[in-house]
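Let me begin by presenting the structure, written as structure tokens, before commenting on it.
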Amino acid sequence: MADVNKVVLAYSGGLDTSVILKWLQDTYNCEVVTFTADLGQGEEVEPARAKAQAMGVKEIYIDDLREEFVRDFVFPMFRANTVYEGEYLLGTSIARPLIAKRLIEIANETGADAISHGATGKGNDQVRFELGAYALKPGVKVIAPWREWDLLSREKLMDYAEKHAIPIERHGKKKSPYSMDANLLHISYEGGVLEDTWTEHEEDMWKWTVSPENAPDKPQYLELTYRNGDIVALDGVEMTPATVLATLNRIGGEHGIGRLDIVENRYVGMKSRGCYETPGGTIMLRAHRAIESITLDREVAHLKDELMPKYASLIYTGYWWSPERLMLQQMIDASQAHVNGVVRLKLYKGNVIVTGRKSDDSLFDANIATFEEDGGAYNQADAAGFIKLNALRMRIAANKGRSLF
């Protein structure tokens, strides 16, 4: 094994990372620093401290990263109206660069020469964690136990835990049949019956949202205030970024908004089925496009739409800390200088319906757009020359006998 003196482990306190902790201590004979991130996953993170202490860990980091997560990662991503493969709002992907950043910061603070994570060798997360780590600390060692050990089943992990007296919960609570990941932006569900792409997901799988059929029969109206492309208030009440997203999750969930069942293309080459709940993000995406519709120049809006799939792919595949993502982010952020105003939405049985938008920076001119008499604001005769000039190349081709049918 490589010479490792101290390693920072991304630690949840669950079975997998608890086994990894002991495995690192025994296999590398090194000191382990644990790092547990609170990203709004809705679980108690403090029990991870007690478990780490019981296993002899002396340096334990438990960080509340909810505000940083939404402010510096989720909000910048939504300024681009980011969607991967037409549907996925990147709830898992966008959390990984922050975890990688904090792993490296802690490594620098503690003098650690390595980091470790619990991502498997089949998934995208190993790539996301490690690309971020290498970008931020080129010489760091990365230990990925799932690519090294032979503990490739839950049974083997349990046996290892029992053999080494690793504290694990043994109560009667039924284990979820799905592999789940959660943060303030979403919950994901994979594995189990979802590995059959024809099998419908079960209703009791969903944790944040009611079914649209069981959502309230009365719609709810909601006003979102934007400043430079970010939401700063709901119904006139100013909120921090994390509070905005948490509130939208609650409201959206009550109305059955944000459920998704997709098959996506993983970076490592395979297709994977995932179900996602992203109520707040679904609302944010619809509202942001609405406020941009009146504040962005047409060509800027179209260019953003052309660049968005590339930007989404960079996030999905782990290139958040790459120079190309940073370049695109500067362009996206520059486009948001005038994205200010208020969007009014109607939430009803899984639907997010835009019912109004207004802004002091609006480019919508009712005097020009009206179907009524415009008082000379727009000379319709000008359209003839505009059309002829734009048709010129096609007329030339037709005159040359180039058939189009």
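Glycine too: its Cβ is placed from the backbone N, Cα and C atoms.
Remember, it's a predicted structure, so these values are computed and weren't measured experimentally.
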Swiss-Prot has Ala10, Tyr11, Ser12, Gly13, Gly14, Leu15, Asp16, Thr17, Ser18, Ala37 down as binding ATP; which of Gly86, Gly91, Gly111, Gly118 does it also list for that site? Gly118
Which one, Ser179, Ser293, is listed by Swiss-Prot in the same L-citrulline site as Tyr88, Ser93, Asn124, Arg128, Ser188, Glu264, Tyr276? Ser179
DSSP on Asp16 (ATP binding site), three-state: which is it? helix
Can you name every residue in this chain, apart from Thr120, Asn124, Asp125, with its Cβ inside 8 Å of the center of the Cβ atoms of the recorded L-aspartate site? Ala119, Lys122, Gly123, Gln126, Val127, Arg128, Val268
Within 10 Å of Glu264 (L-citrulline binding site) by C-alpha distance: pick out those among the binding-site residues Ser18, Gly118, Thr120, and say none if nothing qualifies. none
Which of Ser12, Ser18, Ser93, Asn124, Ser179, all binding-site residues, has a Cβ with the fewest other Cβ atoms inside 10 Å: Ser179
